[in-house]
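Database features, via TrEMBL:
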- 5-46: repeat 'WD' (REPEAT)
- 47-88: repeat 'WD' (REPEAT)
- 89-130: repeat 'WD' (REPEAT)
- 131-172: repeat 'WD' (REPEAT)
- 192-233: repeat 'WD' (REPEAT)
- 236-275: repeat 'WD' (REPEAT)
- 350-567: domain 'COPA/B second beta-propeller' (DOMAIN)
- 597-747: domain 'COPA/B TPR' (DOMAIN)
- 815-873: region 'Disordered' (REGION)
- 818-838: compositional bias 'Acidic residues' (COMPBIAS)
- 818-1190: domain 'Coatomer alpha subunit C-terminal' (DOMAIN)
- 855-866: compositional bias 'Acidic residues' (COMPBIAS)
Amino acid sequence: MLTKFDVRSCRVKGISFHKSRPWVLCGLHNGTVQIWDYRTNTSIDTYTEHSGSVRGVDFHISQPLFVSGADDYLIKVWNYKLRRCLFTLRGHMDYIRVTFFHHEQPWILSCSDDFTVRIWNWQSRSSVACLPGHNHYVMCAQFHPREDLVVSASLDRTIRVWDISSLRLRKQEVGIAQDLLGTTDVTLKYLLEGHEKGVNWVCFHPTKPYIASAADDRTVRVWRMMESSCHEELQLRGHTNNVCCVTYMKDFLISDSEDRTIRVWDVKSRNPVMVFRRDTDRYWILATLPEKNLIAAGHDSGMQVFKLFRERPAWVVNGKLLHYIYEDTLYSHDFESRAEYKFNLAHHLHPPCTISCNPVDNMAVLWYDTDGGMTETFTIPKPGYAVDADIKKRLNVTDAVFFAPSKYVFVDKSNKLVVCNCQGEREKVVSPEHSCKRVFPGPMGYVLCQTDAGVELYHMAQHTVTAEAAVCGIRHVVWDKEFNKVAFISKNTITVMTKRLKLITTIVVSTVRMKSAAFDEQRNILYYTTANHLKYCNLRTGECSTIQSMKNPAYLVRASGDTIWMITREGKVTVQELDNLELNFKLKLQQQAYRDVIKIIHRKQLQGQALVGYLHKHGHSEIALHFVTEPFTRFNLAVECGALEIAKSTAMELNQASVWRRLAEAAITNGDIQLAQFANSKALNFHGGALLSLITGNMAALGHLVDTTNDDNFKLHYGLYLGDAQKRVQILANAGQLPLAYLTAKSNGLDDLASAIFDKMDPDVSERMLKAKVHPISEIPKPVAVTENWPMLQVEESMFARLLKEPGQLNAAQAVLGDDEEEEDHAGAGWDEDDYDDTNNNAGMGMDGEREEREVEGEGWDDDLEIQVPPDYGADGAQKGAYVVPVEHPPLPQHWVEMYSLPAFHVAAGSFATAFDLLRRQIGLCDPEPLKPYMMNLWTSANASRPSWIVTSVVFPLTKYPSGEQRGAHHAPLLPEYIPVLTEKLRAGYTAFVEGRFADAQAHFVGIMHQAVFTTYEDEKQRASLLELITIASEYARALSVQLHCRSIDGNSKEALELSLYFTHFKLQRSHLTLALSQAMSKAYKMKNIKTAAAVARRLLDQDPPKTKANQALAIVAEGERNPTDLEKLEYDERNPFSLCSFSHRPMYKGTIDPIRCSYCHSPAHPEHKGKACLVCKIALLGAETAGLVNRA
């Protein structure tokens, strides 16, 4: 069983697949109806209007409808787009068993425990026919897929086939008498008897004249329909309890039963070919989707969607030939001639998983993942010949790949590599350092070995590991043509690496499964497919995008440029020419092939905000302007690339205050004073305009603003800079601030005005003013007016703008429809130059001719002055927007983010978000909160600053941006050496452990794991030290969590003794293990478990303990030999290896449970905790598929 979807819920009694969407409809025993997306494992909707068990559900074949019938006697028709019930059909008087839509007519078929079958018209919402005749509960009824027939099954042990062809001609609705007594339009065609007990299910064969039935007599029976009769053809026995459901799936019958099994029957041999069993749940219902080979089964605790066989063909590329297997046939497809040859192979129930080919003598080895694994070795014949009957087989093997001429290797039961020759003879057994789980192809002489820790590139001749990477869960491996790059395909991840297993990029799609991948033979591109999309990844930048949707999954086998070869699930090789306009556009931008970029722009086939966002993100805002018509986006891009005239014209079109404010800020940044004043006035930003006038010394403009503004605060504020004391006195007097007005007048020598104000003040206030000391104002210096724009740097016109201005460029770009130009595009990619054509000089003068003429006139001397005219605001904005405005280099931390995949470097750059993204992919980070203090400490260390001695600023280190050729390891951030710090923490943890401060000790060890996330190393010695520190910290943290759990419960309880015994199985220092064994021995002895205490005492004596403890241990061993009994029966077996679940602290014995592990600290846990946060390191997920932490600086 290949399970695609498994959900836990209440008992599922009804199931239906949607015909086009990846949905499955479930009717639950508690009255709920659910829709699930089995592709993404998510719930779509839930409906709860039924008040009884929902046994019948069905999707309509074309409308957004589904029907449900329940134990509340009601049939409800729902619209899943509107997410509500449309109407209810009433008529049945007992539990409703099934409901089905007709595939053509607007009919619904239902049956009930009221002994009737009913047909309803869901458009008129009325009953069409009532079919009485059964004298017990009617358990099932179904329409025929092609003919006007209905079959029904009942607990009266009969099956009835009804002819409903007359219903198509009926024009009137059924009356009350016909509804109660039955209609004459439906006739009984066959009455089938033979089951010994009640019949639970019945169904038609999709294409053949057969009926299958399942009954309480534990049999599945097949009936053959003839013109005038129907008779039983065969019985299938094997179930040991009531058979609940049966359905056809191509050439197989599938049945489920209350004996907790699903059986797949081969009708020809009358034997079950597959049996699937659950431990405690009974199966109730089945549904199939033949178009996708899917089967759904409902049981007591939920539902599962699965497939019987793998649909992925096994294939291998051998030079110009593609060999693949489909339905016991070997196909050889020639890539060049597209000729295809096929050779028949021996029949197998399951298809092979892999095929490996020896290019020297055309030997092939197939591996089947059935019955413990099996290989078949044979020679691929020439066209017209048959495969040699002498096929050599091997059993109990895993994988098989050729690694050298006439030699292949497989993994045996003991996880060792076995080398065989082409005759199938075993030559030698290789024992790698780490246990090998699977083996994948590699370069000549190498294989890739999947281990528990990751993947290793193993040299078969030297018996050494040449490279390794922490990539787990690998399903398929794809190499490029030269074996320089490799892609590891996991369930939801593709990890791309170099030949030496250095990470290039990681592609993660969490919602769908990865299907296949192929490297482009011409470009640095990886094409890959998911369940429903064809995508690509630019390996240089790591950018991914979708090329097209796919109706059905297909598997990439080769890619060359825009041509791809794929194998479908029907065993057909398809060749497709892709319309990769978006990809080619991005590649031309990277190559700076602007002529080709212009041609693509003028085709006007690229549109959308995504493209504009891409151009903006990658610093091509000038090019993005050519794709934008929306004013606000155009304004933002114009401001971004410094095209102020385009920004001004767009701002006038928008005429919003916020737009004018932003334009003013951009104009100030670019030193355009006049435009800034204009924008501030349009935005009514008087404070901004006044401040700019003040800074530039334009006092006349400032005075005009003060005169025309009605804000007294504004007038007073900026009036100070104008030196108009009389106006300030007047403003203060009008505001009632007479003392301030008096002092202002006195200090500025306006004695007459001061006397007039003095007379208006109260006597007590004027008396205090006489005592106030007044200082005369010194002369205010007059500023030098700077009303012109700031001087501009000499800028060059961009290559892109110059090409757009060439006289022949526009015509040439618009003439790209010709075949000649298409050929030219492919021939001159990336060179930005055209070939000279002597036979067509005149035609080429539009572009190349002009360039040729300029070169003759001395263009190469660079003696032109390139004098630029000062900007004129009345000119057309499009002319000015074509110049490249020089921008400052991005800060150096941005270089760290762009060039490195080390989380520590991203934290040092202050890019915490990208650091979190890296940690999610590398260690499965789920809770970054515990890492916060270490991240802040690291960022502070890498970004220290100090006050400057000369100017009022601070000085930061490492501010120089490296040149293009100097960027590399020399410009990585200088991070603290954390390994000595971690070593000191380890010593502190040991000390706390010995002193019995277990909480403090655990905090030290967990802190080591947290700080190790951001610890870098430079050589193998430091790497080994760091890995050892993480391993020790993880082991001690797990052990201490057990000890703290033991201390939190009753010390004399059975559980406390078990935890103490588990505590002794951790990998602790000898002195620490002595303490643990002594504690467990004492607890066991006090609780009268003498046998267990003696066993622990023997282990304690092996550790060479102190004399006192050794004497105690010897005494307990002696007593254990005299009285080897245990008072308490413990869940503990020291002889059977086990792992301790980090959640429940219960043992998981080897061979019974395959534990999952934390994606960072590798702590084991029971599989039921998959997806939860690890309780040991507290930051990573359990069971997550990750690429491994990158720490090498």
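Using N, Cα and C of the backbone, Cβ positions are placed for all residues, glycine too.
Residues 136-137, 139-142, 144-145, 149, 151-161, 239-248, 253, 255, 257, 265, 267, 290 of the same chain lie 6+ residues outside the repeat 'WD' (192-233) yet bring a C-beta within less than 8 angstroms of a C-beta in it. In terms of DSSP helix, strand and coil, the repeat 'WD' (192-233) has 0 helix, 25 strand, 17 coil. In the predicted model, the repeat 'WD' (5-46) shows an average pLDDT of 92. When Cβ-Cβ distances below 8 Å are used as the criterion, the repeat 'WD' (89-130) is approached by residues 14, 52-53, 55-61, 65, 67-71, 73-77, 136-143, 145, 150, 152, 154, 162, 164, 167-168, 170, 173-174, 178-180, 182-183, 185-186 of the same chain, each at least six residues removed from its ends.
Under DSSP, the residues of the repeat 'WD' (5-46) split into helix, strand and coil as follows: 0 helix, 26 strand, 16 coil. When Cβ-Cβ distances below 8 Å are used as the criterion, the repeat 'WD' (236-275) is approached by residues 1, 200-203, 205-206, 210, 212-216, 218-222, 281-288, 290, 293, 295, 297, 308, 349 of the same chain, each at least six residues removed from its ends. Here the repeat 'WD' (236-275) is broken down by DSSP into helix, strand and coil counts: 0 helix, 26 strand, 14 coil.
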